[in-house]
């Protein structure tokens, strides 16, 4: 049976390749699309070069994967042991995560100098937050009864952590690790975009700038294939090690009942002050050169000059204007398709594996192709941002729709309610937490996508401002861009989170703890 | 093994604005089985949880022998079976049962025997997800028995178990804890179950829980299904029902 299945799959793949080849041969746009034979040709001609670059990028991604996930484990354990630190640490982790990688890249480059430091750090930065969130959910995915059970035998928090929480969080950890694998690869590639000597990112940048279609296609597909291999391998390992998948991955932010607006404001200010202090102190502690390692004071001094501020604000407005349509399109398409697929369950069974697999592709590695296809204007940017957000949203919403308990479904069926009524009255409310969780996570993703496209291709916005300032050594502007992006991302994230709380208070109050 | 008396002295407990238990006093004798019956949500489980040390009374005191409940828990001399079986999903049935001994720091030498006793032979290596609700609950009861506790607290232990198995367990399990001299406190909705298992039945009023009736079950004869048909026990049953109905 397996043999027959395999043959069928091979046949389908072969047919697909032939179709592709034929379509390219017939189309007049040979400049934009490469055929499988072109790609095979390019890969075999440049085999040694590409193999070296792949090993280099994979190695950087691997180290970043290790460091980032280790950091996530340490952070989550700290938050569990010291619950009071959680709110603060989580906000800090979010703020760092919100800085688009393409913005931290040039900064890390000037701090580290030549070498693989920035790539590895970016890979780590790309993974730690998702693993941290998954772990925090996992460590709490413990029923109160299990904790009572431990207490009935006179066992305390430590025994609970070791015997119950650690084991219960294992499937969540593996999901985090699995999503990390392509993310780490993405981080390493972005590190290479921002000024490395070797690696697939460097080759991609060169191919893009030189308008080499075959090279761009080959490198994008190869990067995607490597990232998906990592995703698949960790998924297999997780299934072997754990044997079952976790129930709920994305959850609404925790909020204390006594939280008032002035306390939130106070906490926000405290976090901002801490970030500024950490920034200043790291620079001083390592005695970094003031020429490229700007302090908060330098950025402030730079930005109070109206001319500088206007340049930055104009670029930011451009970037946000490009990001917003893609963000909204990606979210609504993802949620809409999830709802459509649930109405036709057969279709969903066929598409879910694709959606899960495509979620694994670091979309940024295919951004060059999308820009080739859709142009360097608003359309191209919108498509890249939308595609970046679409797949995670689709998968999360499909999982959310399936959260509706079977008994509720039976109840609706017993009244003869149709699929559409069931969708609107039971499934969509059940989906909302997952939808908003992905809407929050999509904020940094959208900014990353838009700045990367700007850096690579469009020549507009903050992305390109950073690219030019890092090459002209205008480090004041570079640091200002990074600070502004982090601020904007955090503010947008907070906005989505506030909207989420307002809506979930009505539809899913039990999810707000 | 000498089991302790359980002394509840004017115990009061509220959750927010609702008072769950008000001035509950009783001495539950060592080696006896006491059933707490009463309407849903009347605070029986809260009393049980205070005896387990899971809740602290805001007034009054619970003593197990001369110790506080959490001290008994730390000795591994307490075990509880919850309404929800709360099995660990990554452990097999036998490993879940053995957990009771591990946590109490006692030898896990009776796993197979207990699996047979609760009727789970052949399921020792199954994960909880593969079991029915009633089977999970039976595994949880076995887990509470394996550490040979001095104090055994059963919160609706057979709620999800099917009627036939429930009747069998009601007859088969008590000899085990009677032989060990365990002090047992049982929360149940079933008057028949309370009579079959207990030496004493305390009927509680609706929230806040306080004692409405206190009946000693002193009918002679073996505690099997025929026991319920003896005139003395039927008198008890009538008395219990009228207490529950507030007459």
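Including glycine, each Cβ sits where the backbone N, Cα and C put it.
Automated prediction, rather than curation, is the source of TrEMBL annotations.
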TrEMBL annotation (transmembrane segment) - matching range among A:61-82, A:149-170, A:303-324: A:61-82
Per TrEMBL, the range holding transmembrane segment, considering A:15-39, A:215-239: A:215-239
Touch test for the transmembrane segment (A:477-499) and the transmembrane segment (A:89-108), at least 3 Cβ pairs under 8 Å: yes
Within-chain partners of the transmembrane segment (A:435-457) [C-beta distance under 8 Å, separation at least 6 from its ends]: 97-98, 100-103, 130, 190, 193-194, 205, 208, 250-253, 319, 322-323, 326-327, 330-331, 334-335, 363-364, 367-368, 371, 376, 380-381, 384-385, 388-389, 392-393, 396-397, 400, 463-464, 466-467, 485, 488-489, 492-493, 496-497, 499-500, 503-504
Paired segments the transmembrane segment (A:260-281) and the transmembrane segment (A:89-108) in contact, 3+ CB pairs under 8 A: yes
Chain residues in Cβ proximity to the transmembrane segment (A:61-82) (below 8 Å; excluding those fewer than six residues from its ends, i.e. six or more beyond): 89-90, 93, 116, 119-129, 131-132, 135-136, 139, 161, 165, 173, 176-177, 180-181, 184-185, 187-188, 230
